[in-house]
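If you look up TrEMBL, you'll see 1-41, 138-157 marked as region 'Disordered'. Annotation comment: TrEMBL describes 30-41 as compositional bias 'Basic and acidic residues'. According to TrEMBL, the compositional bias 'Polar residues' annotation covers 148-157. Taken from TrEMBL, the feature repeat 'WD' covers 237-272, 283-324, 477-505, 506-539.
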Amino acid sequence: MASLVAYDDSDSEPETEPGGSFNPAGQMKDASDAIRPPGRDFASEVLDAKDRGALPTKHGSCEDAASCRLPLARLWSSDSGSCPNQRLQWPRTEPEVTFPTSQPARPSLWTSHAPAGHVPLAAARLKQVKLSWGTSGSPEPSFCARTGSETPGKNGSSLQRQWCEDCVVPYTPKRLRQLQALSTETGKSKDMEPQGPCAGRAPAPLCVAPQVSEFIQPYLDCQYKETKIPRKVLFHLRGHRGPVNNIQWCPVSSKSHMLLSTSMDKTFKVWNAVDSGSCLQTYSLHSEAVRAARWSPCGQRILSGGFDSALHLTDLETGTQLFSGQSDFRITTLKFHPRDHNVFVCGGFSSEMKAWDVRTSKVVRSYKATIQQTLDILFLREGSEFLSSTDASSRDSADRTIIAWDFRSSAKISNQIFHERYTCPSLTLHPREPVFLAQTNGNYLALFSAVWPYRMSRRRRYEGHKVEGYSVGCECSPDGDLLLTGSADGRVLVYSFRTASRARTLHGHTQACVGTTFHPVLPSVLATCSWEGDVKIWH
């Protein structure tokens, strides 16, 4: 049995129709000079001819050869919503479904998913071709119909026929597909968070209630009592699209219902983590991951630094940036000076740390060491000295792992503090005693004296959690009786500071818990964050 094979000759010149000519108004004129309306196709004409008796029966013969001649199969489709240059088709017993011309055309695949002002490559190549339509009020056709009705020339016609006949699906960039999926997921979520502004734009002012939280008000006039270990989750804050690096309560007691969280999704957020668990504002000031952000001691500003080497000081009431600086390295940690709140020290992927003054937007001091990265910074009493933890270590002992600096002269006080072969990703200061603790990659917390020569305690060590290379944070309770730390397996461990025994273990996260902090006023509230991008408030 012979088979009919249709070949694609898109590279050849446009074919001329032997039986008629093409009218630009969308009608087909054959050899008998009969103009067919655009809404009728081949199958419908065959049925009409059969009803009139113009066609012969199965076994009959035709008297007149001209009268029984079948109409030619059209190569051009008059429907504005279909694609031209279709394959040659045999007549069917059912008429084809035609769409009325008054129906609005379907949106083009090239522009339906593209942002405003975006011109695809294929559309830009065919932009010089103009449309030629018979009626001015007809709806705009799709991309296939638009290219089929335009005949600029031989090369342009063959190119258009190749695009339409092969049914080419336009390519959507991966970044655009991710943005579409993100917008769809955000639209379907029940608790939609207000999205922050684009990078480089000033954020909106923070909507903060003027009155103090009703849960915090009873604790403002009394002295902080004994810390109670929480048992269950009060709020589960979801809104970040990447790992959460750090969290911090507002240092002002009357505004301590606000929680700051920094994330690898290039944003940092301010939450009402005591009353409602809602997101108050999202800040998208950085073009790369935000590694560090801190409240100012006055509680009205937030200082942020990220992997884009940018530093921003944002005023929460007005939403303006009071300070913007550009460092020559990626920022991983920053801390305000405890006395002069206009000065802060930042460190990152560099062999030096820098002290900035926000009033002049200039670097006032530099602290250089033979290291590669600064992991954390901790100011000691009165701010005359500070510590820095680095990634410098040797085989049997850690040299320059923890360095003590003089803030004014930029001189090293000591670099022989920690003599073990582990690095220390985080440091914390005890609120009442002159000691500090260092989180080590040896899966334990080490205790040091905060006074020169900064000796390490050999008798007290807090073990049981896992670090495994994560920047796991640690913190003491406001009364100094408990020690809180995260773990690489998602646990939250609470130790007794005096006995170094484990008081409680909270199973709260499926991935690494990298940030933990006690509430400064409420005695039984703490917050934790994890590498999966969520924040939990425990009560």
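Backbone N, Cα and C atoms are what each Cβ position is placed from, and that goes for glycine too.
Automatic, uncurated: that is what TrEMBL annotation is.
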(request) Please give the sequence-distant neighbours of the repeat 'WD' (237-272): residues at least 6 beyond its ends with Cβ less than 8 Å from one of its Cβ atoms. (result) 182, 191, 193, 196, 199, 206, 208, 212-213, 215-216, 220, 278-284, 286-295, 297-299, 302, 304, 306, 316, 471, 473, 514-515, 517, 519-522, 527-537
(request) Residue list, the repeat 'WD' (477-505) vs rest of chain: Cβ under 8 Å, 6 or more residues beyond ends. (result) 224-227, 229, 430-433, 437, 439, 445, 460-462, 464-470, 511-518, 520, 523, 526, 528, 530, 538
(message) Please report, as numbers and ranges, the same-chain residues at least 6 past the borders of the repeat 'WD' (506-539) whose CB is under 8 Å from any CB of it.
(response) 215-216, 219-220, 224-238, 240-249, 251, 253, 256, 259, 261, 263, 265, 271, 273-274, 277, 468, 470-478, 482, 484-494
(request) Report the mean pLDDT of the predicted model across the repeat 'WD' (283-324), rounded to a whole number. (result) 94
